[in-house]
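Student: Below is the structure I would like to discuss, written out as structure tokens.
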Amino acid sequence: NMEPRNQTSVSEFLLLGFSQDSVHQPILFGLFLSMYLVTVLGNLLIILAITSDSHLHTPMYFFLSNLSFADISFTSTTVPKMLVNIQTQSKSITYAGCITQMYFFMVFGGMDTFLLTVMAYDRFVAICHPLHYTVIMNPQLCGLLVLVSWFISFSYSLIQSLLMLRLSFCTNWVIPHFYCELAQALTLACSDTLVNHILQYMVTALLGIVPFSGILFSYTRIASSILRIPSANGKYKYKAFSTCASHLSVVSLFYGTGLGVYLSSDVSSWRGMIASVMYTVVTPMLNPFIYSLRNRDMKRALQKVLGR
């Protein structure tokens, strides 16, 4: 069904993804299914633990539960469809399905970046302005920060998706990836994509550089603040550092793998594909572990939920 057609209406795209390698399909299916289940269960447990334990009704955990929700949704945009395609040996995704997947992928991916930035700000206020913490990080501000993050994510994803709808696609509908990736889909269009590309670069700057600078700023201030603590207060120093360590590791994972995806020139190569899997599947899966393993309050709350 790949013979050239001259009409511009496209009914479906083909996601090649990991399908070139038919021998390992059962292994890949098992691997992705188990990773997906761990991601959903782990993040659901985090949300349950936070909502059910009143000790955890603080800004940091409020943002964390939002991050867990965004992570479940982020993985759910791509992995279930990929699992269905591996299982049914089909590579197709409908045109509407592709645009929808692209939309939600951008929404939740953007949400992740914003939430990590907001969490860095929260740590900055907690460590550099501890006496004013409850005044600054009041429930209104926390709610507002999350709402604004959702609003920006939904808006720019909508604009990107609507701009995709005005493109026409000619004969090549093959996306060499396991999900509908915006940049890949743009290369298939045979109408002018200048506006799409301009918007894409603007959004990458907005979602990449601005939040990352915010995180860097927060952490340089935090580091200098911790270093100024006299060494006699070693315990406080350690506590201040350990509350940041889990957030820092999540940030490094998310930005490191995200950068890997953007810098791997050929996304369809195995290297590019592995980078994408790290970014879309592995990072959301590891977040709950990173946050609960190092954290006594979180462990206690999880034990309550699990009825220990």
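Glycine is treated like the rest: Cβ placed from N, Cα and C.
What TrEMBL says about a protein is an automatic prediction, not a curated fact.
Below are the features I grabbed from TrEMBL:
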- 27-50: transmembrane segment (TRANSMEM)
- 62-83: transmembrane segment (TRANSMEM)
- 103-121: transmembrane segment (TRANSMEM)
- 141-159: transmembrane segment (TRANSMEM)
- 198-219: transmembrane segment (TRANSMEM)
- 240-263: transmembrane segment (TRANSMEM)
- 269-290: transmembrane segment (TRANSMEM)
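Buried or exposed, and what's around them? Tell me for each listed feature.
Tutor: Cβ atoms under 8 Å from those of the transmembrane segment (27-50) belong to residues 18, 21, 56-57, 61-62, 64-65, 68-69, 71-72, 75-76, 79-80, 82-83, 86-87, 281-282, 284-285, 287-289, 291-292, 298, 301-302, 304-306 of the same chain, restricted to positions at least 6 beyond its ends.
Within its own chain, the transmembrane segment (141-159) has Cβ neighbours under 8 Å at 59, 62-63, 66, 103-104, 106-108, 110-111, 114-115, 118, 121, 199, 203, 206-207, counting only residues six or more beyond its boundaries.
Residues 109-110, 113-114, 116-117, 120-121, 123-124, 156, 159-160, 163, 182-183, 186, 244, 248, 251, 255, 258, 262 of the same chain lie 6 or more positions beyond the ends of the transmembrane segment (198-219) yet place their CB under 8 Å from a CB of it.
If one looks beyond the transmembrane segment (240-263) by at least 6 residues along the same chain, the residues whose Cβ comes under 8 Å of a Cβ in the stretch are 60, 112-113, 116, 119-120, 123, 126-127, 204, 208, 212, 215, 219, 222, 225-226, 229, 272, 275-276, 278-279, 282-283, 286-287, 290-291, 294-295.
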